[in-house]
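To start, the structure under review is shown below, and the notes come after it.
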Amino acid sequence: MANQIDRDQVQHVASLAKLEVNDAQLDYFTDQLDQTIGLFETLSAVDTTNVPATSSVTDQLNTMREDVADNWGEQAALLKNAPETQDDYIKVPAIIDESEAN
Amino acid sequence: MTYLNQDLADLHQALSDKKMSATELTQDTLANIKKMDSEVDAFLTLNEEAALAQAKQLDDQGIDKDNPLAGIPVAIKDNIMTNGLRTTAASRMLENFTPIYSATVVNKLANLDAITIGKTNMDEFAMGGSTETSAFKTTKNAWDHTKVPGGSSGGSAAAVASGEVLAALGSDTGGSIRQPAAFNGVVGMKPTYGRVSRWGLIAFGSSLDQIGVLTRGVKDNATYLSAISGHDIHDMTSSTNDVPNFAAGLDESASVKGMKIGLPKEFLGDGVAEDVKQAILNAAETYRQLGATVEEVSLPHNEFGVAAYYIISSSEASSNLQRFDGIRYGFRADDVKTLDDVYVKTRTQGFGDEVKRRIMLGTFSLSAGFYDAYFKKAAQVRTLMIQDFKAILKDYDMILGPVAPTTAYDLGSEVSDPMTMYMNDILTVPVNLVGLPGMSVPAGFSQGLPVGMQLIGRPFDEGTLYKAAYTFEQNTDFHLKTPKVGGQN
């Protein structure tokens with residue numbers, strides 16, 4: 001195929017996106033992404049010299065409002081959505097792996 | 001209760017005259033959904049208890065005669081937040097997620113006493129064109145249960161087409177309202193970017209996403225769009241433009257006399273099936289007979305739309321979906337020892353393959369060394385496409401073309417072939433890149449399956465599209481045909 005991306009690059013992109021791709025899936029994803037990036041390559045045929053980039057099509061410039069908070073008191077409801085909590089906090093595994101400390 | 005032979009005006013009249021109570025309507029709607037859904041699988045969650053409670057309250061206080069939506073059930077796509085009602089975006093990541101607030105569109109409908117009846121199936125995080133990337137179930141086309149319903153708003157389209165509801169909300173990032181509407185023979189409107197608040201819509205491609213409406217009839221669609229439109233302090237991109245009563249003027253006085261319609265030659269190119277082409281040429285002829293002028297025009301950069309779209313939408317998706325990290329809400333993987341484990345295992349187990357593909361494509365397009373060649377290039381091509389559409393709409397009131405290159409295809413035939421699936425979006429994605437309103441209207445049948453025509457208008461000129469669609473509808477009979485579903489015809 002087009003060879004726009006190889007297995008190592010797919011593995012690298014997956015790690016940037018916090019995804020794990022195992023060996024069995026690596027060929028499958030590499031092949032599909034390679035084809036799609038080959039499609040992306042077709043844009044190189046378009047002359048875009050001096051053409052500005054468009055990142056949004058909204059007609060709104062800025063929206064201002066009074067700096068007043070209006071959504072207090074939702075702590076309990078928010079915590080109910082968290083996978084694991086303790087007291088009034090969201091609980092997560094240790095950030096620093098203590099087994100490496102000694 | 002089937003909605004196949006009803007419209008908003010009939011139902012409102014029956015409720016106002018107390019020929020039927022809101023409670024009866026809600027009960028009958030739920031019973032019919034349960035029966036029909038054994039065939040079409042359009043719904044992920046029903047809002048049974050709350051809907052009945054709301055209906056009872058409405059019956060107690062009486063139906064407001066001036067409020068056409070009061071007491072009438074509506075379905076909501078499952079990527080639109082509903083306070084207290086499970087909202088999954090058809091992903092394992094949000095399988096048990098219950099929002100603590102509602103999207104602005106849901107609040108607007110609730111304030112008008114519309115009844116949220118349930119949440120409809122979709123492609124996972126709205127990524128797909130067949131609703132088959134849903135983590136939970138396979139929705140069927142209302143006309144042929146061996147065919148896809150289209151996507152990503154396939155549940156909403158199938159629910160409306162099979163008479164389960166009169167109207168459903170969908171979202172459209174690259175055709176996700178218009179294409180399933182076409183595949184199911186219903187009316188689907190993707191409004192101008194900024195017409196409807198995106199607050200509470202689970203974000204996919206934030207510069208492309210819009211919420212819109214699917215209905216059987218044009219006028220009902222117009223009524224619902226007016227109800228959900230308008231500026232919202234919570235969405236900086238929502239427009240401060242006035243919201244017209246889109247349904248006003250959709251009566252005998254509606255006409256397309258003198259209207260100028262452009263038919264882009266690129267929309268009838270090689271990839272478009274003959275039966276679809278023929279239906280669009282017939283529609284053009286109908287418009288000519290009704291007094292409009294239809295002329296060939298050109299969108300020279302159209303062939304680059306799919307590439308530009310998949311770069312931009314995937315890049316925005318890779319950024320938007322970073323929030324699904326297993327910390328604050330949604331799924332968290334079990335077997336985790338470190339914080340990085342939480343992120344990686346949660347995302348690896350929680351997302352399906354199509355979502356992973358898009359995240360990786362986006363991450364790649366934005367990554368160092370590739371940004372200029374991909375993301376920036378696509379954003380520049382987007383500018384050229386905007387100029388193409390602007391040039392045509394300077395001289396023409398609207399653009400006519402097909403919605404999709406084919407009618408609904410077989411279930412299972414494309415879901416593992418992303419390139420074919422992506423190329424099928426060639427007629428719908430340009431409209432999102434450019435931010436214009438686009439609409440799908442029933443315009444024919446081929447081998448028993450509906451064909452949709454697409455009308456594309458000037459920014460914030462949904463009114464002209466509704467007028468043209470209504471005039472077409474009143475002068476054709478495609479919208480009168482109903483699918484054979486649940487033993488009905």
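Just so it is clear, glycine is given a Cβ too, placed from its N, Cα and C backbone atoms.
As written in TrEMBL, here are the features:
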- B:24-465: domain 'Amidase' (DOMAIN)
- B:LYS77: active site, charge relay system (ACT_SITE)
- B:SER152: active site, charge relay system (ACT_SITE)
- B:SER176: active site, acyl-ester intermediate (ACT_SITE)
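Everything TrEMBL records as a feature, shown here on the structure.
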residue  : record                               : Cβ within 10 Å
B:LYS77  : active site, charge relay system     : 32
B:SER152 : active site, charge relay system     : 35
B:SER176 : active site, acyl-ester intermediate : 37
Inset, instruction - Pop the Cα-Cα gap between B:LYS77 (active site, charge relay system) and the residue listed as 'active site, acyl-ester intermediate' into the table, whole Å please. - result: 11
Inset, instruction - Pop the Cα-Cα gap between B:LYS77 (active site, charge relay system) and B:SER152 (active site, charge relay system) into the table, whole Å please. - result: 9
Inset, instruction - Could you check what DSSP calls the residue listed as 'active site, acyl-ester intermediate' once collapsed to helix, strand or coil? - result: coil
Inset, instruction - Please state whether DSSP places B:LYS77 (active site, charge relay system) in a helix, a strand or coil. - result: strand
Legend entry - Averaged pLDDT, computed only over the residues in the domain 'Amidase' (B:24-465): 97
